[in-house]
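Asker: This structure is in structure tokens; I'll ask about it shortly.
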């Protein structure tokens, strides 16, 4: 197929379908950005007859969850507009010309990930289209200092938030498995299901003769049942770094050292994002905010924890008597918030920081 520019794609599709008074076209595949960026969710409409009063056109955007829950995002009727909830101050119409119902989301958050419905209504006629917003990022398994299988669903949600992340979706976990994630402990996902990814089948993880894949326990009781968590995080508005010191320190000394350096102790999600996106590679174990000891390895080498890249986890040692280095996080003072335009090329390669797949 020959790639089409957005305008060519819309015109092609609109000429093929004249069955309704209002025809909506949205982006095929996904639009992809990262946390902190700005992204256009493309949506165009065509109306018959073309001289319809624009003040009678109603544009509504809604976020649709995997469990078919609906969250209002934006609505416009003529020149009147309203933005809802956490989207207030961050969403606006693109206004790229007649028939444009696209919106721009600024300062994209982790929670913005998901499926959006664009609905255009004129009098008694309406049509809808869908846009899938994906985020570049990383999935990581997490369990607290109290041990494995200690979190109900709500505690898992809060635990991921504390680590600068959210509960991962099935799609995000599946992509992580395709990229090689192998973890033999079941964890909560955002839809209330419990799953775990196995890249190398073995008897300790559901039998060696079963195929590789994402194992699924199904939807579990959110209050009573306890598992680990699979968290997802994205681009950092700042930098994680290993604080160079002449001596190793305990947890409290590490906390104060980062503060004296104008930073905070890094969270687990921040270290994973720095490893995956900023390619942080450091063969020195250090304290993180949750009391764990970890270090990120991009290029595996001798005496750095095994043959595979990843964030090494040495557990939760005694905070008072065990001595290590420390990873700090310093937030950027400002960031680039220019909107990313979604092209309609069927490609998986990066284009100006945004991909459509």
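Just so it is clear, glycine is given a Cβ too, placed from its N, Cα and C backbone atoms.
TrEMBL labels come from automatic prediction, so no person has curated them.
Heads up, here are the entries from TrEMBL:
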{"type": "DOMAIN", "residues": "3-132", "note": "domain 'Ig-like'"}
{"type": "DOMAIN", "residues": "138-233", "note": "domain 'Link'"}
{"type": "DISULFID", "residues": "184-205", "note": "disulfide bond"}
{"type": "DOMAIN", "residues": "238-330", "note": "domain 'Link'"}
{"type": "DISULFID", "residues": "283-304", "note": "disulfide bond"}
Asker: Using DSSP, how many residues in the domain 'Ig-like' (3-132) fall into helix, strand and coil?
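Answerer: Taking each residue of the domain 'Ig-like' (3-132) in turn, the totals are 20 helix, 62 strand, 48 coil.
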Asker: Give the number of CB atoms, excluding that of residue 205 (disulfide bond) itself, located within 10 Å of its CB.
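Answerer: Excluding its own Cβ, residue 205 (disulfide bond) sees 17 Cβ atoms within 10 Å.
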Asker: Have a look around residue 184 (disulfide bond) and count the other CB atoms within 10 A of its CB, chains all included.
Answerer: 14
Asker: Could you give the Cα-Cα distance between residue 205 (disulfide bond) and residue 283 (disulfide bond), in whole Å?
Answerer: 29
Asker: Taking just the CA atoms, what is the gap between residue 184 (disulfide bond) and residue 283 (disulfide bond) in Å?
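Answerer: Approximately 25 Å lies between the Cα of residue 184 (disulfide bond) and that of residue 283 (disulfide bond).
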Asker: Can you break down the domain 'Link' (238-330) into helix, strand and coil residue counts using DSSP?
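Answerer: Split by secondary structure, the domain 'Link' (238-330) comes out as 19 helix, 26 strand, 48 coil.
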Asker: Given the model, what does the mean pLDDT over the domain 'Link' (138-233) come out as?
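Answerer: Taking every residue of the domain 'Link' (138-233) together, the mean pLDDT is 96.
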Asker: Using DSSP, what's the helix, strand and coil tally for the domain 'Link' (138-233)?
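Answerer: Helix, strand, coil within the domain 'Link' (138-233): 22 helix, 30 strand, 44 coil.
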